[in-house]
There are 2 protein chains.
Amino acid sequence: MIKANNSTLKSWIEVPENSDFPIQNIPFGVAKHNNEVFVATRIGDTVINLYKVAKLGYFNIDAEVFISCRLNDFMLLGKQVTRDVRNEISDIFVSTNTEASNNAELQKALINNKEVEMLMPISIGDYTDFYSSEQHAFNVGCLFRDPNNALLPNWKHIPVGYHGRSSSILPSGVDFHRPKGQRKAPTDEMPTFGQSNLLDFELETAFFTYEGKPIGDSISTDEADEYIFGMALLNDWSARDIQGWEYVPLGPFLGKNFASHLSCWIVTLDALEPFRVSGPVQEPKVLPYLEYKGDKHVDINLEVAIKPENTEETIVSKSNYRYMYWNMNQQLAHHSINGCNIKVGDCMGSGTISGPKESEFGSMLEISWKGTKAVKMTDGTERKFINDNDTVIMRGYAEKDGIRIGFGEVKAKVLPVK
Amino acid sequence: MIKANNSTLKSWIEVPENSDFPIQNIPFGVAKHNNEVFVATRIGDTVINLYKVAKLGYFNIDAEVFISCRLNDFMLLGKQVTRDVRNEISDIFVSTNTEASNNAELQKALINNKEVEMLMPISIGDYTDFYSSEQHAFNVGCLFRDPNNALLPNWKHIPVGYHGRSSSILPSGVDFHRPKGQRKAPTDEMPTFGQSNLLDFELETAFFTYEGKPIGDSISTDEADEYIFGMALLNDWSARDIQGWEYVPLGPFLGKNFASHLSCWIVTLDALEPFRVSGPVQEPKVLPYLEYKGDKHVDINLEVAIKPENTEETIVSKSNYRYMYWNMNQQLAHHSINGCNIKVGDCMGSGTISGPKESEFGSMLEISWKGTKAVKMTDGTERKFINDNDTVIMRGYAEKDGIRIGFGEVKAKVLPVK
């Protein structure tokens, strides 16, 4: 077992009940405080400046790696080092470490979460988005093609994925403008230009990679865990009307690349290890390079809320990451089977994660069943897609044996078209 | 007129007949010589170390920008600065500048092309590939769909594009292994795993951007030239069998992302200005945001050769960049119309450039008409797609009034599957 995951540990830093950040989490992020930018972790509501901790000699690595605006340099040290640092952080902040809790210099590394601005955690090289939830692929197939042949012939043979745009991935809290572009409904004779009227969220998670192998080499499902640093929540916004007109034959482009939002704390794969579960039986049998051993799915509760301006939020979806058909190991093995080189900081989106129940669907496209059903908000208004000035909030956490490992949230407000 | 484009200029550096690099070109690249890596330009067969030139005080900018393994820092200075530097280089190496030609220190910045290794010129952030040659889209439509409705309904309304993988874009000369993956011919019952048997080149050009506007803002067709640094040749390799099985509904993925190759000298948009030509009449009329003024296409001769191991090359295609339906200005305006933020060093591929004649088709898929016609090599062997140990070479140049502005070449050998 990974030392820092020990469920009996308590921290000398206060952890509120139901916090996403007990001492068993120890996520990594990039924070800004008093104009200083540094790599940080968080316990309870306390953000910890890891540069200051490192300067006190607590770690066996160069402190300079933490005085950075991105986690990439830290990740470049590889899994053994980042795992060691997480274990060392656990040792420092565990309740029995009175040397540390009495160290006045160490106290200077602790900051109240409210005083900190969280920045984009990782400099993303390439962004790949998969399409790995069966219920989501089935729903989309029903809505746009044939309910009797909802899944396309390749879907159960390959973790279908496509390349996305990395420049427009934003950290939680950065609002954005409704996109504009060409739309053409099937009933329209010609395309028109204007704002997207079918703006949607997509409930996703993302994982981030360490530096992979050289171009030409592949990462097997057995090796994949060693190349995965951690996970975050991802809202992969979609403009359904723009997407519907543009995407044949080369896939989504402007319907997707105007913005995606990422939660700011990267929860390590190590911290999620206790929450592994088995995946679905894969039938037809997958090709040997996609076979895997052990429990490689993860039980992570996910939810989406819409908060209209000046009123309370309404939860519109409760899903779970365990609903994935293809797991991260299969995705990474597939991505590299042709020799494609994976780089440090690559972002791999899960695709929209929908569960089997209607209340578990991960996009408004599915929840409103292509605009045929409305969802009521607390202020009495209805939503089929996302309105201007709505804030969409996603949250996620894994929970077992009294330990809750959470991601915090990813949220962003839709501003009117510019 | 841009000063450095003056067709009467001669250099005091020798320029062989039919060189791609007269003093009117002044491309930018990154070179390695004696373990030093630096930003360079080239005149004739002489590579010029711009860091050394800058240290002699010839430019008005910090020399450090040239002691870099990528052009990005230079490009971040913006179009006016890079244009000024190109004009200053012209002033230094013009035949009338006897101060410079007699400067022994300046001579130390000059290196024979054969002694230099050219590296990847730009750190590419996002890579977008368009699909903007009408003949290519028509050919593909005929081969895979219906010759009577070869162009999809959206094709003449939007410059169709998709996101590609930037990590696997390699500089000319770096060989690569034939990819493997899943393939399933329409007649196969189940997919199989193995090497791609339908490996193809795609004859493309690429343009590279300066830092664009903040997310949410768009670049108009009028503004686009100011955001384009220059162009290169791009061989966007495709594994047709892998692609055919995977690409519905989200577009190309592993059939494309194993490798793409780029020529190493970036020819500035300024240098190509004299070769502007008008584009095709666009009917139906495009939406206002895609309208443009002036001649925005460019007359660039392109060719592709296949060189089997131990024998001479055979030219298999002669095309021209003027055959594009959508020009760079339209592509950039479309890419950013939804607020997508363009970053310094983004790579925008043209898509395969096919001319109207069979001899002008830009991929083996088209040349062999989906494997139904073979092309004879000089050694008597035939090709429908690319064999192991074949080297594919692409060249390009613009020529007018006795001035030839070329790109050199992009070449790479296909090694057997790993």
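Cβ from N, Cα, C; glycine included.
All TrEMBL annotations are machine predictions without curation.
Under the three-state DSSP scheme, B:His136 (active site, proton acceptor) falls in the helix class. Taken from TrEMBL, the feature active site, proton acceptor applies to B:His136.
In this view, B:Asp129 (Ca(2+) binding site) is surrounded by 28 other Cβ atoms within 10 Å of its Cβ, with every protein chain counted. Look at TrEMBL and you will find B:Asp129, B:Glu202, B:Glu204, B:Asp236 tagged as Ca(2+) binding site.
Neighbour density for B:Thr352 (substrate binding site): within 10 A of its CB lie 30 other CB atoms from the protein chains shown. According to TrEMBL, the feature substrate binding site maps to B:Tyr131, B:Arg145, B:Gln243, B:Tyr247, B:Thr352.
Residues or ranges marked as Mg(2+) binding site by TrEMBL: B:Asp236, B:Lys256, B:Ser260. Under the three-state DSSP scheme, B:Ser260 (Mg(2+) binding site) falls in the strand class. Counting only same-chain residues at least 6 apart in sequence, those with a Cβ under 8 Å from the Cβ of B:Ser260 (Mg(2+) binding site) are B:Tyr127, B:Gly164, B:Arg165, B:Ser168, B:Ile169, B:Leu170, B:Leu234, B:Asn235, B:Asp236, B:Trp237, B:Gly349.
Annotation comment: TrEMBL describes B:24-121 as domain 'Fumarylacetoacetase N-terminal'.
The domain 'Fumarylacetoacetase-like C-terminal' feature in TrEMBL is assigned to B:128-414.
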B:Asp129, B:Arg145, B:Glu204, B:Gln243, B:Lys256 screened against B:His136 (active site, proton acceptor), Cα within 10 Å - retained binding-site residues: none
For B:Gln243 (substrate binding site), the three-state class that DSSP assigns: helix
Subset of B:Glu202, B:Glu204, B:Asp236 (binding-site residues) with C-beta under 8 Å from chain A: none
Secondary structure content of the domain 'Fumarylacetoacetase N-terminal' (B:24-121), with strand meaning DSSP E or B: 40 helix, 24 strand, 34 coil
Secondary structure of B:Glu204 (Ca(2+) binding site) (DSSP, helix/strand/coil): strand
Protein Cβ atoms within 10 Å of B:Tyr131 (substrate binding site), excluding its own: 23
Env. residues of Ca(2+) site, Cβ within 8 Å of mean position of B:Asp129, B:Glu202, B:Glu204, B:Asp236 Cβ: B:Leu203, B:Leu234, B:Asn235, B:Ser238, B:Ser260, B:Gly349, B:Ser350, B:Gly351, B:Thr352
